[in-house]
Amino acid sequence: MKKQGCEIEAIGINYTIYTQKREIPFNIFSRNQHKKCLSGVQELHEVKELEKGNNPNAIRHVLKGVNCRAKSGEILSIVGPSGAGKSSFLEVLAGKIEPQSGSIYVNQKPVDKARFKKISGYVTQKDTLFPLLTVEETLSFSAKLRLKLPAKELSSRVKCLIQELGLQHVAGSRIGDDRIRGISGGERRRVSIGVELIHDPGVLILDEPTSGLDSTSALQIIDMLKTMAVTRGRTIILSIHQPGFRIMKLFNSILLLANGTILHHGTIEQLSLRLILMGLQLPLHVNILEFSIESIDTIQKHSHTLLPQSTLMIKNSGKFTLQQLFQESKLIDEEPISMSIHNDFPSGFANSRLQEIVILTIRFWKIIYRTKELFGCKTLQMLVSGLVLGSVFYNLEDDLVGAQARVGLFAFILTYLLSSTTEALPIFLQERDILMKETSCGSYRVSSYAIANSLVYLPFLLILALLFSTPLYWMVGLNKQFMAFMHFLLLIWLILYTANSVVVCCSALVPNFIIGNSLVCAMMGSCALFSGYFVSSNEIPNYWIVMHYMSLFKYPFEGFLINEFSGSGKCLQYMFGMCLASGEQVLKEEGYGGEESRRKNLLIMVCFILLYRFISYVILRIRCSQGGFKKILISR
C-alpha cells in the first residue's frame, strides 16, 4: 500500500542579508522589515562586492548550503542555538522569503509556491489571533475563508478539529491576550495550529511551537503533532530550541544547525553515534540534543572528519547498530510517495469576492461589538459630549454674538471629532498583522478586506453621529428646519468616517502605535491650522495655500456654516426695523458659497474618504505582496 503524503526536500539553500544599513521606520516595501533580503543576479553581485570591500560585516550569511529531507508521517525537528538560522530556513521552506540560491522539491518535483501554500500550513512563533473571538469562532471563520464546503460540512470539520486539538472544554471561551483574560498559552498555541490545520494540509511547518510554554504543555503540543503525523500522514517540520527528553523521543529525525550550516541530519541514534566517534561522552541527566547544542564548537571542529551515516553503522556494533540498521531499512523499504499536489487543492480562492466581504464584515462586527473601549466607551463619550456641548452653547440667540458662538462651536466640533480618533489605531494595527498572515496563505483577497473594513464601520459611526448630533443640535437651537438637521447629521457622519479612514491609512503605513499616533496628530493639527478658521484663507501665504484646499477641516466647516446661515432667512443685526446683516451676507463677505456649495462640499468629503481608503488599500497590497511594489498591479 502506497503511503499518502508529501516529501519535502531542500537542496543547497543559501540566504544572505544586509546588516550594515538601518531600516527606515516607514519602509513599507518589504514583508520583513527587520531583514533586507538580497535576491537576483544583481544583488548577488552586490554581495560579492561587499565581501571584497573593507567592510566584510556588511552582510551576513544566514544559511549556507542547507540540505534536508522531510518525509510523510514523520516529524523533522530543526534544532540549534539562537542565531543558527532555524526560523529563516522555515520561512524559506514556507515560501515567505526568497533564498539567493537553492531548490525546494515536493514529491521530487520543483515546488509551485501558489499551490504549495494550499497544501501547507505555517505556524509562526507568535500567536496572531483575534483576542475577542472564541476558539470555535476563530476556527469557523478560518474554515469559511479557506474552504468551499456546505455549512453542515464546515461545522462538522470545525467540531472534529476542536476535538482533535483537545479544545472541547474551551470551545466557547475567548482567545484573550495580555489585556483580556482568555484561554491558556498552550491552548492558544493549539488554536494557532488549528487555524493552519483547518484545510487539512499535507505539510505543517511550525516555528518554535513550544516557546513560552511549560514542560507539560510543550509535551502535549508535540505529542499532538506526532499523533497527527502518524494518523494523518502529515509531514511536520518544526524548530525547537532546547527540547526535553520526552519531547526529543517523539522526533523522527533531527536537523542540527549552527551559524547557518548543517552539523547533523538524521536520527537521534545517529547523532549519538557521531558524538561518540568524536570522543564526546554524554553526561548523566542531560539529553543528547541539549548536550549537542552545548558542544557546538567541538562538533564544528570535527565536522570535516565526520563519516557518512552508513559508515557509522558499519563501524559500530551491538544493540545500537541494530537500531541504526532498523532505521535505515525503514527508510529504504518505504513505499514511494504518491500524493498529487495538483488535484486536491485548487490554486484560486475558495470564495467569491462578495462571499469574502460578507464573512469578513461579520467577523469585523463581532470584534467591534465586543471591544468595550471602542463600542461602549465611544458610544457613551459621544452621547455625553453632545449633551455637554449642548448645555454650554444652550439656546444661542440669532444675532451677531450668537453667530460668532455658532462659528466657534462648529470649529470645536471639527477639532474634537477629527482629533479623538486614535483609540482605534491599535485595533487596526492588530488587524494588519492578521491580514498579512491570512492573505499570505491565500485565504482571501486584500481588496475584500479593504471593502469589508470600509463597510463595517458605516452603521457604527452612524449610531455615534446620531447620539452626538441629536441633543447638541436642538439644545443649541441651530437651524430649525428638519432637512437642515439631516444635513448636519450627514456632515457629522462623514466627519467621523473621514477620521476613521485617516486612521486606517496611517495604521497601514506605520510600524507601531507610537509613530501612528504622532502621524495622526500631526495631520489633524495641520488640517486645523489651514482650515480657514484660525487663519483666513486670504491671509495664508501663497506657498501654503495648497494646504488650505487639502485640509480635512475646510469643507465640513464650510458645510456647517452654509447649513446654518444660507437659506434660513436669519437676520443677525437689526436697526430701525431693517436687517443690516443676514446670514447669507456674512457668508458672502467671508468668501463662502451659498446653496450651490452644499453638494460640492459633500462630494469633496466623500472624495477624501475614497482617497484615504484607496491609499490604505495600496499600502496593504504592497505589504502583503511578496514581490513588493512590482506585484501591486496584479489583481488579487
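Placed from the backbone N, Cα and C atoms, the Cβ positions cover glycine too.
Annotation comment: TrEMBL describes 45-284 as domain 'ABC transporter'. Sequence annotations record features per position, and here TrEMBL assigns transmembrane segment to 375-396, 408-429, 450-476, 482-506, 513-535, 602-620.
In summary, the transmembrane segment (602-620) does not lie against the transmembrane segment (408-429): fewer than three C-beta pairs, each 6 or more positions apart in sequence, are under 8 Å. Contact between the transmembrane segment (375-396) and the transmembrane segment (450-476) is supported by 3 or more Cβ pairs under 8 Å, counting only residues 6 or more apart in sequence. Residues 367, 371, 373-374, 377-378, 381, 385, 389, 393, 468, 476, 492, 495-496, 498-500, 502-504, 506-508, 510, 512-513, 516-517, 520-521, 524, 527-528, 531, 533, 552-553, 556-557, 560-561, 564 of the same chain sit 6 or more residues outside the transmembrane segment (408-429) yet have a Cβ under 8 Å from a Cβ within it.
Counting only same-chain residues 6+ beyond the ends of the transmembrane segment (513-535), those with a CB under 8 A from a CB of the stretch are 25-26, 407, 411, 414-415, 418-419, 421-422, 425-426, 429, 502-503, 506-507, 544, 547-548, 550-554, 557-558. For the domain 'ABC transporter' (45-284), the model gives a mean pLDDT of 85.
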